[in-house]
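Participant: Per TrEMBL, the features are:
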TRANSMEM  40-61  transmembrane segment
TRANSMEM  73-96  transmembrane segment
TRANSMEM  108-129  transmembrane segment
TRANSMEM  141-161  transmembrane segment
TRANSMEM  182-202  transmembrane segment
TRANSMEM  239-262  transmembrane segment
TRANSMEM  291-309  transmembrane segment
TRANSMEM  329-349  transmembrane segment
TRANSMEM  356-374  transmembrane segment
TRANSMEM  380-402  transmembrane segment
TRANSMEM  423-448  transmembrane segment
TRANSMEM  468-490  transmembrane segment
Amino acid sequence: PAGSPGAGRAPGGGAGVPAGALTLFGVQEGRERLSVCSKLCYAVGGAPYQITGCAIGFFLQIYLLDVAQLDPFYASIILFVGRAWDAITDPMVGFFISKTPWTRFGRLMPWIIFSTPFAVISYFLIWFVPDISRGQVMWYLIFYCIFQTLVTCFHVPYSALTMFISREQSERDSATAYRMTVEVLGTVLGTAIQGQIVGTVITPCIESPLFLGKTNSSVAMEELNMTRDTGSLADTRNAYMIAAGVIGGLYILCAVILSVGVREKRESSELQSDKPVSFFHGLKLVMNHGAYIKLIAGFLFTSLAFMLLEGNFALFCTYTLGFRNEFQNILLAIMLSATLTIPLWQWFLTHFGKKTAVYVGISSAIPFLIMVVLLDSNLIVTYIVAVAAGISVAAAFLLPWSMLPDVIDDFKLQHPDSHGHEAIFFSFYVFFTKFTSGVSLGISTLSLDFAGYQTRGCSQPREVNVTLKMLVSAVPVGLILVGLLLFKLYPIDEEKRRKNKKALQDLR
């Protein structure tokens with residue numbers, strides 16, 4: 001979003017403070033370099049989206065099936081509609097941001113501040129099992145969609161701030177690396193908090209085949225009550241709510257640090273031009289930009305691969321590998337590995353280029369995805385594979401957000417008189433990814449239903465285990481290969497980036 005034209009420029013049209021630049025702690029006006037403190041202050045704002053998203057992505061499916069005890073068909077509807085609605089809200093929020101008037105808090109920051117308390121409340125209600133015989137499906141569907149709307153009101157304006165930190169590509173890339181490190185750390189926190197709190201209570205299951213499919217019968221309930229070592233379903237539900245409360249507190253804390261530590265200036269760091277064009281005209285320009293379409297097409301398939309793995313990995317560890325009491329630790333190993341290797345990928349893309357980092361980083365997941373389903377179930381091997389896969393997850397986190405600013409710079413050179421479209425670029429990238437991930441997650445849950453998934457069963461039929469192997473190995477590998485082929489068409493290599501940087505400096 002752009003402010004009024006002309007304001008904030010140096011007298012005589014000289015090189016003044018970049019319009020819309022953010023003044024963060026430790027950054028003086030007119031300076032392009034950002035201190036470590038400034039980058040950390042900015043980066044903390046990315047944690048809430050990742051903490052909640054990781055907890056939902058890894059645990060919501062198994063929660064709906066085995067704790068809320070919903071039929072897999074209805075669970076698939078909730079997961080699909082929630083993700084699809086989440087995708088729709090991104091361009092909607094992007095549109096309203098572009099129309100938001102300036103306030104004393106800025107243009108983007110009010111969205112972040114005022115959405116936070118309501119987002120935390122709705123997030124908690126997702127993990128609450130209402131004491132109603134009917135209407136549970138609508139309960140989860142409504143509050144899931146409400147939360148996705150509110151967290152979008154937080155994350156889209158926050159993402160748009162990326163372009164307002166500095167005009168220097170190196171500074172934006174460095175700040176993006178800090179942000180991605182904090183965001184991946186957020187996924188570690190989300191996995192650790194949700195997994196370790198929930199993991200302290202063993203979700204009760206039905207061992208005898210006679211009771212499979214009878215989860216609501218009094219006979220099955222009596223059998224569960226007589227089994228002391230399986231724990232209580234009420235204890236499991238309480239554990240999910242405690243985890244939701246802790247995560248909600250972290251959400252508020254990060255939002256406070258961001259709102260206090262980042263002060264939004266009125267003008268945007270745009271090329272000097274007349275006035276911003278309308279949202280829909282800007283959307284048409286963005287969608288006709290070839291580099292953007294090729295970038296999101298490539299990351300669409302690779303992101304889908306990792307989201308499909310994320311959504312089904314808890315079920316895969318619990319039933320196919322047989323690690324019912326270890327899956328939360330395996331997930332934590334993946335995310336810790338990803339966090340520690342983000343700086344490695346930042347160094348790699350700086351020295352070898354972003355396209356090379358895409359090929360090396362994302363393709364490195366393929367052998368481990370194949371290995372985890374071909375080898376016999378072994379806990380040590382599974383942990384080794386989890387750590388190795390986390391290295392590739394780090395690349396998948398970092399690279400899209402590092403490459404999008406390059407596309408926006410390329411767009412500015414081709415359309416120097418059109419500005420204020422950063423929110424469109426970021427929100428529609430997220431839109432395409434979320435919508436298709438919602439489709440894939442809904443289809444995967446339906447596939448489990450067709451395969452004969454048994455709610456709260458201690459084991460699953462052979463068809464379910466085969467389906468889970470396909471969902472966490474064969475399908476993601478195929479999606480990754482398609483995505484890497486599409487990246488061959490992406491036109492912005494390192495030489496192109498250097499030319500664009502010089503051309504932008506000349507225009508400014």
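Glycine too: its Cβ is placed from the backbone N, Cα and C atoms.
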Participant: Would you kindly list the residues that approach the transmembrane segment (423-448) from elsewhere in its chain, counting only those six or more residues past its ends and only Cβ-Cβ distances under 8 Å?
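Facilitator: Answer is 1, 61, 72-73, 75-77, 79-84, 86-88, 90-91, 93-94, 97-98, 155-157, 159-160, 162, 279, 282-283, 286-287, 292, 295-296, 299-300, 303-304, 307-308, 311-312, 315, 400, 404, 407-408, 411, 464, 467-468, 471.
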Participant: For the transmembrane segment (291-309), which stretch among 182-202, 329-349, 380-402 has the most Cβ pairs under 8 A?
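Facilitator: Highest pair count goes to 380-402.
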Participant: Taking contact to mean 3 or more CB pairs closer than 8 A (sequence separation of 6 or more), are the transmembrane segment (40-61) and the transmembrane segment (239-262) in contact?
Facilitator: yes
Participant: Among the recorded stretches 239-262, 329-349, 380-402, which has the greatest number of Cβ pairs closer than 8 Å to the transmembrane segment (182-202)?
Facilitator: 329-349
Participant: Tell me whether the transmembrane segment (108-129) sits in contact with the transmembrane segment (468-490), defined here as at least 3 Cβ pairs under 8 Å among residues 6 or more apart in sequence.
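Facilitator: Answer no, regions not in contact.
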Participant: Have the transmembrane segment (468-490) and the transmembrane segment (356-374) got at least three CB pairs under 8 Å, pairs 6 or more apart in sequence?
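Facilitator: With 3 or more qualifying Cβ pairs, these stretches touch.
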Participant: The transmembrane segment (380-402) vs the transmembrane segment (329-349): three or more C-beta pairs under 8 Å (separation of 6 or more)?
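Facilitator: By the criterion, they touch.
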